[in-house]
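Remarks on the structure that follows.
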């Protein structure tokens, strides 16, 4: 609202305006009565006022012109003092004087005084003056009062191009790009012709927001109006094209400019540096010197940044000498740029020496720079010490400081930093909020990250992408999809990081396969599918979701491949049973002399494991250690143990475990125990089980594997002891589940499931398959049923395993000949493996099964694993029948209400409930499968692990 009229009060530090003034190096214009005298240049700050003092008759015109000169020369404090004195003497000022004092209020950021002047404008009737109104708009906007400025603008009767440009600048400062464009369009509709400053303002706003499409349109208007070659517009065009990565267009504009000032040269050099063209920027700097353009501190700061990027410390020191000679040695931005240059070159001692010898108290910029330097050079402890020292000296952190310090977690307490951020009101800052939520994501606290995300006032694409990455890493594709949809709905344009995160989310087992394909199509439409980070995510997604052919197609089309692409392709082939193809990709990678890491060799050794290539696996292990000097990690050792164990070389696996430089983890002992069950090595299996249960006393897989080992060896008494121990420790056996996606919905089944609305048709389909299965020679292998029951009942249990129900549902729910893909949280038993091979041939379908270890591709009665990976049958004798009530633990981090994209059905229950299947990585075959529902008792026989 417009301020109410009240008497103008002089500012607190008002001096007598007719005493000493500081009026230096400016023209003063004096009047003798109404006659203009010649201008003069004062030789001293007091001389100007003395010139005015010699006139015997002083009227308002003298003081108006003195006020004008103060304002024109940036002496804002003196201008405010003079105006207060004039007003106190009862003189009336004219519209031009009011404009001058409002300009001083805008420059001096004195909004309270400006509002008092606004009242005088209304009282004296000068509010209708277009120059006064324009000055009011400008004053309010520069004092962060955009709403006031807009109201003054709306109330003005007459508006000129300066008025419109002031309003444009206000919206540009706030980053409200849609309003900038709207005002610019309305301005043209109203018949106001933009001037060079108008174009410079809107081009600067479009550059800051990266809105290059709008910038190109404005450029055409600039050409039409003949302003392209003017300095202000040309400089803005150079800046816009540089910031938007169109450096050729920026150089084209720069070369065509009629006259270039130092801003033009600085802008072009900075643009080249910004776009990674440091050598070209260096050539332009030499051209600038030859053109005898006076270098400014901005020039030196940019060139020092150039040296930092090139790591040219010698040249940086030469520039530093020139800086000192030019008198810029003590400027903050120069010293900070030089310090950052030393830090980027790894010369932290010199950087800290410069930091220590700065001849004044360090400000937040220098502190943040030195803290960030130690972080970049791998010294987080020293960075934290300096951060604490900064706080001890009373220097208040800003958003750059917090964004920098948050990357050092967990060296520093995240919760303490978060509390300080709230205390200093930076939680709503885009950069700080994004860094904070990213820090929470890295420690797995996605819920806290989501709360921080909601607090961010202006969410840019970086914040959205960080939240997407959090849900992707947390294995929550549904929330990730909702966030992505909200991103698009809010008008934020996704970038390559957004697409990479959402595609990675679709790689999780619980995500809908079709959604991943839709996001792939969206990335193509947006022009990001060829970005290396997106294409690598696509390779990973297709490989993990059972479509290795599509993964290979994306891999072959990649113009540029990073390590993630190669690793994903190698591990993808390994998981799908194509060991030789995986090794071929590795050899291609090796021939190109590309960098490799332990993930690469984990994929290669896993490929050898899946294909039974023991000697090759050993050779690649030796290559990793001896040729590439990569120290084996726990995961690498686990792959080697798996390689030996699968081949029955248990003694060699044990020797490898004993020779490890660190204690074996749970994954290694679980792998060995599983192999001992297959190869019936009781003594070694008992040792592995002892170590495993000690590490993970509540892991049901440990007990079940040991129980099954005793069953294989016919030791039923010890088997019963293990089951009793599970009851005593309240360890619940993991239930087997299988799920399938049909028409963007996920359906889950357990053994003997009868809750699905189509249960009758599912079991009818299984019954129909019995005859062709028998005709094909199938005989149920009841050794996979560990219950002391009749053989017929055992066969019935086998026929109702969860994977068979899921496949039968797929057969009746999809069109004939369409491929079927199911997922299972446990390994597929050997009997089901045989049945699925036969079904694929009988039905003429490709059936893809992803169990806890790998993918099985069934085509024409053949599996891609070559039957090497099938669980060996357990030779069971009589055992007591046991029907345990299996309870499903409730998780608090999953929604209780079923969502449209995930509908699952529990065993013998008429209630719909949602299932969150586990990730199925090869090194964790037994993970807890959690249900978000109330406890449900399952009747009937479950599946064995």
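Keep in mind that glycine also has a Cβ here, set from the backbone N, Cα and C atoms.
Residues annotated as compositional bias 'Polar residues' in TrEMBL: 889-899.
Among the features that TrEMBL reports, domain 'DYW' is placed at 777-869. Note: the domain 'DYW' (777-869) comprises 38 helix, 16 strand, 39 coil (DSSP; helix = H, G, I, strand = E, B).
Sequence annotations record features per position, and here TrEMBL assigns region 'Disordered' to 880-899.
Taken from TrEMBL, the feature repeat 'PPR' covers 160-194 (among others). Only residues 6 or more beyond the boundaries of the repeat 'PPR' (160-194), in the same chain, are considered here, and those with a CB under 8 A from a CB of the stretch are 130, 133-134, 137-138, 141, 146, 149-150, 153, 201-202, 204-206, 208-209, 211, 214, 218, 221, 225, 458.
Residues annotated as repeat 'PPR' in TrEMBL: 261-295 (among others). Within its own chain, the repeat 'PPR' (261-295) has Cβ neighbours under 8 Å at 231, 234-235, 238-239, 241-243, 245, 247, 250-251, 254, 302-303, 305-306, 309-310, 322, 326, counting only residues six or more beyond its boundaries.
Per TrEMBL, the feature repeat 'PPR' maps to 363-397 (among others). Within the same chain, residues 332, 335-336, 339-340, 342-344, 346, 348, 351-352, 355, 404-405, 407-408, 411-412, 420, 424, 426 sit at least 6 positions outside the repeat 'PPR' (363-397) and bring their C-beta atoms closer than 8 Å to a C-beta of that stretch.
Per-residue pLDDT, averaged across the repeat 'PPR' (460-494), gives 90. Feature annotation from TrEMBL assigns repeat 'PPR' to 460-494 (among others).
TrEMBL lists 562-596 (among others) with the feature repeat 'PPR'. Counting residues per DSSP class in helix, strand and coil order gives 26 helix, 0 strand, 9 coil for the repeat 'PPR' (562-596).
Summarising the annotation, TrEMBL assigns repeat 'PPR' to 597-631 (among others).
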- Item | Counts of helix, strand and coil residues, the repeat 'PPR' (261-295), according to DSSP | 26 helix, 0 strand, 9 coil
- Message: Is it possible to list how many residues within the repeat 'PPR' (160-194) are helical, extended or coil according to DSSP?
- Response: 27 helix, 0 strand, 8 coil
